[in-house]
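Taken straight from Swiss-Prot:
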type: ACT_SITE; residues: CYS84; note: active site, nucleophile
type: ACT_SITE; residues: HIS171; note: active site
type: ACT_SITE; residues: GLU173; note: active site
type: BINDING; residues: SER225, GLY226, GLY227, VAL228, ASP229, SER230, SER231; note: ATP binding site
type: DOMAIN; residues: 7-197; note: domain 'Glutamine amidotransferase type-1'
type: DOMAIN; residues: 198-387; note: domain 'GMPS ATP-PPase'
Amino acid sequence: MKKQHDTIIVLDFGSQYNQLIARRIREFGVYSELHPHTITAEEIKAMNPKGIIFSGGPNSVYGEGALHCDEKIFELGLPIFGICYGMQLMTQHFGGKVERANHREYGKAVLKVENESKLYANLPEEQVVWMSHGDLVTGLPEGFVVDATSESCPIAGMSNEGENLYGVQFHPEVRHSEHGNDLIKNFVFGVCGCSEGWNMENFIEVELEKIRETVGDKKVLCALSGGVDSSVVAVLIHKAIGDQLTCIFVDHGLLRKDEAEGVMKTFSEGFHMNVIKVDAQERFMNKLKGVEDPEQKRKIIGNEFIYVFDDEASKLQGMDFLAQGTLYTDIVESGTATAQTIKSHHNVGGLPEDMQFKLIEPLNTLFKDEVRVLGSELGIPDEIVWRQPFPGPGLGIRVLGEITEEKLEIVRESDAILREEIIKAGLDREVWQYFTALPGMRSVGVMGDERTYDYTVGIRAVTSIDGMTADWARIPWDVLEKISVRIVNEVKHVNRIVYDITSKPPATIEWE
C-alpha cells in the first residue's frame, strides 16, 4: 500500500473482534493494518505509523501460553491504545496489577466516565459498552489514572496522557458499545493526530498494480459464483489483465433458485468475460451422501470445488493462478494464528495440499461493506453489488445434517419466497442478510383436517454493517406472516416456520 496516508497499526492478540478495530479506523478515512503480536519494534518503526492499538484476546496475561509483544514497542514514543487484554498487557508491563475476575463479564455494561482524557472528549458521562473479559486491572501502574468505571469493573478505563498511553477494559470496536466509534475516533484523530486520506480509489490503484505485477503474462482462473465477492474479484482482475482471465462457474447443485442461469447471462453476455460453466451437481451430491457433520461438509465442498477447477484447468493452457473472493471476515472466522477458530471457511479451509494453483485473493483485506463500495467504484450494477451474501458451500450449509435433493428443494423454494417478500416490502437494503435454513427436525401439524408430520423451516434475517457482529432483524409481523403462509402453502413437506431471534455473538449468522 502506498504510504500517501496516515496508518494505525493494530497488534493481534487473538480477539475475534480484532479485524473490527481496523475496520472502524478505515471508516474514518485512515488506513489501518492488522499485524501479529510477534512483530518487532523495528518493523513497526519502518512502517512509520501514527499510533498502535493492542487488540483483546482470550488469554490471561499470567496464564500458560500468554501472548506478549516486543517490549521495545513501548519505547517507540508512539501513542498506544490497549483494548481489554491489550490494557491488561500494558498494565503488566508498567508494573500494575491484573487479577482474575470473580465472574467473567460478558455483555452490555454501563460505563461511567470519571476523568475526561482525550479518549473521552465530547462523550457522555454515562454510556453503554460491550464487555468480554475474565481478568481485570485491580492496580494502576505508576503515572496512570482511572478514566472510567463500571459496576463490575472499578478500572474500566485508564490513561497516562503524558506518555500517550490509554487502555479500556471494554470493546469499543463492537457495535454494541454505543459511543465506541467516537472513542476510537478520539484516539485516531485526537491523540495520534491522523488526517483522512485513505479511500477505495487508492485501493483500486494499488490492487490493479499488484495484480499486474503478480500475474505478469500468466493466466488466471476465477472462481465465479455470481455473489458479490466473486463478482467484484472477477471485474477487478479483468480490469487489470483483461483476457488473461478465465472465469469458471461451477454449478454444484447447491445454488439458489434460478441462480445458475442468472450468472451466465450477467457475466458472459453482460460483461463479455470468458466464462466456462461446469455442471457438477451429481459429482458433489455423491461426495456428500451420508455426511452430516458441518465441518466435514465444508471441507468436502471446498476440496471438490478445487478438484473441479483442477480438472477444468487441465483442459486449458497455462493456467497458473486461482482467484478467490476471500474477505477479512472469512479469515477471522476461520481463526488467525492467535484467534480461536469458530468455523472453517470455504475460501480458507479445505484446500488440498497438492493444489496446482497459486492463490490470488485481492479482497482479503476488505470487509463486506467495503467490497460493495469497491464494486460500485468499478461500475458493477447495483443488483449485483447489493446481492445477498451467499457462502461458497451454498445451500449445503443451510440444510443441517445430511443433504438430499428433497431437502435442497425445500430450502431453495422457501428461500425464493423469503427473498421475494423482503424485496416487495422494501426491506432488501435494510436487512443485511436473510435466508431460510432446514434444521432437519419434523413436527406434527394439521393441514386440510389431516395430521401431518413434516419439516420445520427456519428464517434467519440480520442487520449488520460488516458481518462481524449482527442483530436479528425486526421484520414487521405482517411481512413475516405473509412469508410463513406462503412457504407452508407453496412448499411441499413443510408445516411449521420459526424465526431466529439470536444476535451475533453468541450465534453466527449461518446455522452451520
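Glycine too: its Cβ is placed from the backbone N, Cα and C atoms.
When the Cα of ASP229 (ATP binding site) is compared against those of the active-site residues CYS84, HIS171, GLU173, the shortest separation belongs to GLU173. Other than the site residues SER225, GLY226, GLY227, VAL228, ASP229, SER230, SER231, same-chain residues with C-beta atoms no more than 8 angstroms from the centre of those residues' C-beta atoms, the ATP site, are LEU224, VAL232, VAL233, ALA234, GLY325, ILE384, ARG387, PHE390. For SER231 (ATP binding site), the same-chain residues 6+ apart in sequence whose C-beta sits under 8 angstroms from its C-beta are LEU224, PHE267, GLY375, ILE380, ILE384, VAL385, ARG387. With respect to their backbone Cα atoms, GLY227 (ATP binding site) and the residue listed as 'active site, nucleophile' stand 36 Å from each other. The recorded positions shown are CYS84, GLY226, VAL228; of these, the one with its CA atom nearest the CA of GLU173 (active site) is CYS84. SER230 (ATP binding site) sits 32 Å from HIS171 (active site), taking the CA atoms of both as reference points. Note: VAL228 (ATP binding site) has non-local neighbours GLY325, LYS368, VAL371, ARG372, GLY375, ILE384, VAL385, TRP386, ARG387, PRO389, i.e. same-chain residues 6+ apart with C-beta under 8 A of its own C-beta.
Listed in sequence order, the recorded positions from HIS171, SER225, GLY226 having a Cα within 10 Å of the Cα of CYS84 (active site, nucleophile) are HIS171. Contacts of SER225 (ATP binding site) defined by a Cβ separation under 8 A and a same-chain sequence distance of 6+ are given as PHE249, VAL250, LEU255, VAL263, GLY325, PHE390, GLY392, in order along the sequence.
Within the same chain, the residues at least 6 positions away from GLY226 (ATP binding site) whose Cβ sits under 8 Å from its Cβ are PHE249, GLU259, GLY262, VAL263, THR266, PHE267, ILE384, ARG387, listed in sequence order. Neighbour list (HIS171 (active site), Cβ cut-off 8 Å, at least 6 residues apart, same chain): SER15, TYR17, GLY56, ILE83, CYS84, VAL129, TRP130, MET131, SER132, SER177, GLY180.
In the three-state DSSP classification, SER231 (ATP binding site) falls within a helix.
Summarising the environment of the residue listed as 'active site, nucleophile', the number of other Cβ atoms within 10 Å of its Cβ, over all protein chains shown, is 28.
Within 10 Å of the C-beta of GLY227 (ATP binding site) we count 22 further C-beta atoms, all protein chains included.
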